[in-house]
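*Asks:* Quick paste from Swiss-Prot:
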- 30-47: transmembrane segment (TRANSMEM)
- His119: chlorophyll a ChlzD1 binding site (BINDING)
- 119-134: transmembrane segment (TRANSMEM)
- Tyr127: pheophytin a binding site (BINDING)
- 143-157: transmembrane segment (TRANSMEM)
- Tyr162: site 'Tyrosine radical intermediate' (SITE)
- Asp171, Glu190, His333, Glu334, Asp343, Ala345: [CaMn4O5] cluster binding site (BINDING)
- His191: site 'Stabilizes free radical intermediate' (SITE)
- 198-219: transmembrane segment (TRANSMEM)
- His199: chlorophyll a PD1 binding site (BINDING)
- His216, Ser265, Phe266: quinone binding site (BINDING)
- His216, His273: Fe cation binding site (BINDING)
- 275-289: transmembrane segment (TRANSMEM)
Amino acid sequence: MTTIQQQRSSLLKGWPQFCEWVTSTNNRIYVGWFGVLMIPCLLTAAACFIVAFIAAPPVDIDGIREPVAGSFLYGNNIISGAVVPSSNAIGLHFYPIWEAATVDEWLYNGGPYQLVIFHFLIGISAYMGRQWELSYRLGMRPWICVAYSAPVSAAFAVFLVYPFGQGSFSDGMPLGISGTFNFMFVFQAEHNILMHPFHMAGVAGMFGGSLFSAMHGSLVTSSLIRETTETESQNYGYKFGQEEETYNIVAAHGYFGRLIFQYASFNNSRSLHFFLAVFPVVCVWLTSMGICTMAFNLNGFNFNQSVVDANGKIVPTWGDVLNRANLGMEVMHERNAHNFPLDLAAAESTTVALSAPAIG
C-alpha cells in the first residue's frame, strides 16, 4: 500500500506546477483550461484543412457517384478550391475515419470535412471560453466573450444547424471561396434568404458597424490633443498607460452634433463604445437565428403573384422576377441529382414578361 501511494505521489508530482502554468496570467500567451482543449482541436482542424485543400481526392457530395474535386492536386486554384462536404450518402451519420472500411472510402465520402468542422467548432467554442477565463483571472467584465459569441453562432448555424435541418452534412457550407459563394446562391434559391428580416438585420449590422467604426475612428483621429510638432508623427503624442485623454471628446461631440443634430452624437464615451459593440453583435445574432429557422424551411418572405388586377389577372412584380431568379439557380445546382426541383414540379408555371413587345 505504501509503495502504491509513493508511485501515485511521484506521478502527480508535477501536477500543481502544471496547473499553475496553465492558469498563470504572466505567460506571454495565456493558455487556460479552455486553451488545453482549444489548442489541439484548432491545430487538428488546421492541419486536416491544409492537407485536404492540397491533396484530397474528389468527393461524391451528392451521393450519386459523381465525385466533385476540390483540391489543388486535382486542378483547382485558391479561388475554386475547397474542402468538399461529406457525401449525401452519409447524411447526418457521424463519420470518423474508423467508421469507413478503408481510408480511400473515407476520403471518397468526404470524411475530412466532418473532421475539420467538428474540431473547428469545438476549438472556437473553447476559444470563447478562454476569453471568459482570462477576463475572470484579470478581474475584467465578461463582455468580450459575449461579443465573440456572434461569429461563433454564425459558424454553428452554417456548419451544424443547417445540415441538421436539411438532413445531411452535404448541405453544409464548403470550406473554400467559390464553395462559400455556391452555398450562398443555393441558400437564396431554396430559402429566399434575401427576403428574410433577420438577414436584413445582419446586413444592417455589417454595413452599419463598418460605418460607425469609420465614423468613430475618423472623429477621434481628427480631434487628437496636440502633443507633437508639425515635423513629428502625431502617434508620438501618446504614451501607453497615460492617464489623461488623448483626444477631445467635447470637440468630437460638438462637430458631429452640428453635422447631423445634437442628439445623434454621444456625449458619454462608455455608452458610445457599448453601442459600437452591441449593434453588430445583435445583428449577427439575428442572422444566425435566421439561418437556424431557414434550416427547417421557415423561409424568407415571398411575394410571388401577389398583385392582381380587377379581373383577377396576375400583374408581374419584382417579387416574381426574384422568384424566377431563384428558380433559375435552383435548377442549375445538383442538376443530376434530381430531374425537377419541388418548386417546379408542384404547380403550373406562370409566365413573367421581362421584356417589352416590339412597337410598330
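From the backbone N, Cα and C atoms, a Cβ is placed for every residue, glycine too.
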*Asks:* C-alpha of Tyr127 (pheophytin a binding site) to C-alpha of the residue listed as 'chlorophyll a ChlzD1 binding site': distance in Å?
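*Replies:* Cα-Cα distance, Tyr127 (pheophytin a binding site) to the residue listed as 'chlorophyll a ChlzD1 binding site': 12 Å.
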*Asks:* For the transmembrane segment (30-47), give me same-chain residues lying six or more residues beyond its boundaries with a C-beta closer than 8 angstroms to one of its C-beta atoms, as numbers and ranges.
*Replies:* 21-24, 115-117, 119-120, 122-124, 126-127, 129-130, 132-134, 137
*Asks:* Mind checking which of His119, His199, His216, His273, His333 has the fewest other CB atoms within 10 A of its CB? They're the binding-site residues.
*Replies:* His273
*Asks:* Quick check: with His216, Ser265, Phe266 left out, which same-chain residues have Cβ atoms within 8 Å of the centroid of the quinone site Cβ atoms?
*Replies:* Met215, Leu219, Ala252, His253, Phe256, Leu272
*Asks:* Is the transmembrane segment (275-289) packed against any residues at least 6 beyond its ends, judged by a Cβ distance under 8 Å, and which are they?
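*Replies:* Same-chain residues near the transmembrane segment (275-289) but 6 or more away: 143, 146-147, 149-151, 153-154, 156-157, 198-199, 201-202, 204-206, 208-209, 212-213, 216, 266.
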*Asks:* Provide, as an integer number of angstrom, the distance between the C-alpha atoms of the residue listed as 'chlorophyll a ChlzD1 binding site' and Ser265 (quinone binding site).
*Replies:* 44
*Asks:* Measure from the CA atom of Tyr162 (site 'Tyrosine radical intermediate') to the CA atom of Asp171 ([CaMn4O5] cluster binding site) and give the result in Å, rounded to a whole number.
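*Replies:* Counting only the Cα atoms, the answer is 7 Å.
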*Asks:* Around the C-beta of Asp171 ([CaMn4O5] cluster binding site), how many further C-beta atoms are within 10 angstroms, looking at every protein chain?
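*Replies:* Other Cβ atoms found within 10 Å: 21.
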*Asks:* May I ask for the distance between His273 (Fe cation binding site) and His216 (quinone binding site), taken between their Cα atoms and rounded to an integer number of Å?
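*Replies:* With the alpha carbons as reference points, the distance is 9 Å.
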*Asks:* Can you tell me which of the recorded positions Tyr162, His199, His216, Ser265, Phe266 is spatially closest to Glu334 ([CaMn4O5] cluster binding site)? Compare CA atoms only.
*Replies:* Tyr162
